[in-house]
Every structure is written in C-alpha cells, then in structure tokens.
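Visitor: Heads up, here are the entries from TrEMBL:
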type	residues	note
ACT_SITE	Glu68	active site, proton acceptor
BINDING	Trp46, Trp47, Gln48, Val49, Glu68	substrate binding site
BINDING	Glu75	divalent metal cation binding site
BINDING	Glu75, Lys93, Asp94	ATP binding site
TRANSMEM	30-47	transmembrane segment
TRANSMEM	54-78	transmembrane segment
TRANSMEM	98-121	transmembrane segment
Amino acid sequence: MGEYQKQGFWRSLNQAWRGLLHTWRTQGHMKFHVGAGIGVLFSAWWWQVSRFEWLILIAAIGCVIGSEVMNSALEIVVDMVQPDFHPLAGMAKDVAAGAVLVTTIQAIAIGLIVFFPRFFLLASKIF
Ligand SMILES: Nc1ncnc2c1ncn2[C@@H]1O[C@H](COP(=O)(O)OP(=O)(O)OP(=O)(O)O)[C@@H](O)[C@H]1O
C-alpha cells in the first residue's frame, strides 16, 4: 500500500467525520436519533439480548442515523441549487424526510418486538 493511498484514506475518513459533525450540529433530529440509539444499546446490554437481536438492533440504528445523514446532505444540495421557494425543492426535502420516517418506523417496530415482551415480563413481576 503506497503513501498516497494511506493519505487518501485518512483524508476521506476526516471528510466523512466532518460531514457527521455538521449533521450533528445542524440537525436537531440527529441528536434525538443518536440519544435513542444509545438508549437502545444500553437496554440491549441490560437485558442481555441474543446475538441475532444485537445484529438487528444495530442494523436498525444504523439505518435511521444513515438516512438522517443522507437527508441532511440532500437538504444542503437543495438549498444550494434552489435557495428560493420552489414546490419541487420542498417536495425533494419532504421525500427525503419520508425516508427517515420509514427507517424510524422500522426501528420502532424492531424495538417493540425485541423489548416489549421483556418489558412486559419485568412489569408483571413488579406489579
Ligand atoms: N426551497 C424551498 N421551497 C419550498 N419548500 C421548502 C424549501 N425549503 C424547505 N421547504 C419546506 O420546508 C420543510 C422544512 O425544510 P428545512 O430546510 O427547514 O428542513 P428541516 O427543518 O431541517 O427538515 P427536517 O425536519 O426534515 O430535517 C421542507 O420539508 C419543505 O416542505
């Protein structure tokens, strides 16, 4: 592996990290998604979920955060090419927001399937 490739890799990683930080700073929803993701991971650790459940939960969290990052990228491009009001610009943002909604609903469904029976069992022991 040459020096050029090494530099290219670290530069690319740095640029991707810069993009993530920008999304974190500018998108209020990103903070919520990351917070919810950390909560889910903590719950998975606490309830000692199976290896398969870990995989599904991590995939769900990745889908939500990844779609939020893509949504943020699309908003930047739309604002760049169409800073003024335009129905298509608005629709493009709405469609991208729809993708985030789909992955969020999917994650909620997965979370319910994994945690609801455990939560129900815990609640029935307490009450
Ligand atoms: N240039 C535009 N022309 C028409 N409508 C727009 C335009 N920009 C934004 N909108 C409308 O306003 C909504 C919010 O856009 P904004 O750029 O504020 O994103 P946001 O509040 O960060 O959205 P999100 O909550 O999805 O992250 C869009 O979904 C769209 O309906």
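The first residue you see is number 1, and the count goes up from there.
Placement of Cβ uses the backbone N, Cα and C atoms for every residue, glycine included.
On a predicted model such as this, the values are computed, not experimentally measured, just so you know.
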Visitor: What is the one among the binding-site residues Trp46, Trp47 whose Cβ has the most other Cβ atoms less than or equal to 10 Å away?
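Guide: In terms of Cβ crowding, the pick is Trp47.
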Visitor: Cβ under 8 Å, sequence separation of at least 6 from the ends of the transmembrane segment (98-121): give me the contacting residues as numbers and ranges.
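Guide: Those are 29, 33, 40, 43-44, 47, 49, 53, 56-57, 60-61, 63-64, 66-68, 70-71, in sequence order.
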Visitor: Using all protein chains in view, find how many other C-beta atoms are within 10 Å of the C-beta of Val49 (substrate binding site).
Guide: 18
Visitor: With the Cβ atom as the reference point and anything under 6 Å counting, tell me which of the recorded positions (Trp46, Gln48, Glu68, Glu75, Lys93, Asp94) are near ligand 1.
Guide: Glu75, Lys93, Asp94
Visitor: Of the recorded positions listed here (Glu68, Lys93, Asp94), which is spatially closest to Gln48 (substrate binding site) when Cα positions are compared?
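Guide: So, of the listed recorded positions, the one sitting closest to Gln48 (substrate binding site) is Glu68.
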